[in-house]
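Here is the structure we will look at, set down as structure tokens.
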Amino acid sequence: MRTLWIVAVLLLGVEGNLLQFNKMIKIMTKKNAIPFYSSYGCYCGWGGQGKPKDATDRCCFVHDCCYGKLTDCSPKSDIYSYSWKTGIIICGEGTECEKKICECDRAAAVCLGHNLRTYKKRYMFYPDFLCTDPSEKC
């Protein structure tokens, strides 16, 4: 389900934050978010529940928590500015929401890059119904 939603968004030509986040992930991991992170574990992709499966999935859990704190922002659609140089992502100027959203995405992309060694193919396209452990608090 998570994969279908992300593919639908991309097919509709949305130019917002999800595409920017995808680019950040590509910069830090050298992998495309789709298919590698669009439905990985219990938290990478749309939604999330249960206990993160590994450090890679925990990056997505923390990212979800970060977005959850931005109650007055639109983190999945607001466009922000950022740049990168030799693998370092720098969030640019903008509204407070844009800066905070960018920082959530930057931190998650950096986390995914730092945890490439924990990535396990068995958690790609992981079904939600297997995420039954009690969810952790942010």
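Cβ from N, Cα, C; glycine included.
Taken straight from Swiss-Prot:
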ACT_SITE  His63  active site
ACT_SITE  Asp105  active site
BINDING   Tyr43, Gly45, Gly47, Asp64  Ca(2+) binding site
DISULFID  Cys42-Cys131  disulfide bond
DISULFID  Cys44-Cys60  disulfide bond
DISULFID  Cys59-Cys111  disulfide bond
DISULFID  Cys65-Cys138  disulfide bond
DISULFID  Cys66-Cys104  disulfide bond
DISULFID  Cys73-Cys97  disulfide bond
DISULFID  Cys91-Cys102  disulfide bond
SIGNAL    1-16  signal peptide
Through the lens of DSSP with three states only, how would you label Asp64 (Ca(2+) binding site)?
helix
Quick check: of the recorded positions listed here (Tyr43, Gly45, His63, Asp64, Asp105), which one has the Cα closest to that of Cys131 (disulfide bond)?
Tyr43
In angstrom units, rounded to an integer, how far apart are the Cα atoms of Cys42 (disulfide bond) and Cys60 (disulfide bond)?
9
How would DSSP class Cys73 (disulfide bond) in three states?
coil
Please report the number of other Cβ atoms within 10 Å of the Cβ of Cys111 (disulfide bond).
17
Here the 10 Å Cβ neighbour count for Cys59 (disulfide bond) comes out at 27
Min neighbour Cβ count (10 Å) across disulfide-bonded residues Cys44, Cys91, Cys104, Cys138 flags Cys138
Local Cβ density at Gly47 (Ca(2+) binding site) - other Cβ atoms counted within 10 Å:
13
In this structure, the one of the disulfide-bonded residues Cys42, Cys97, Cys102 whose CB has the fewest other CB atoms within 10 Å is Cys97
Close in space, distant in sequence - Cys65 (disulfide bond), Cβ under 8 Å, 6 or more apart:
Cys138
Nearest to Cys111 (disulfide bond) by Cα, among Tyr43, Gly45, His63, Asp64 (recorded positions)?
His63
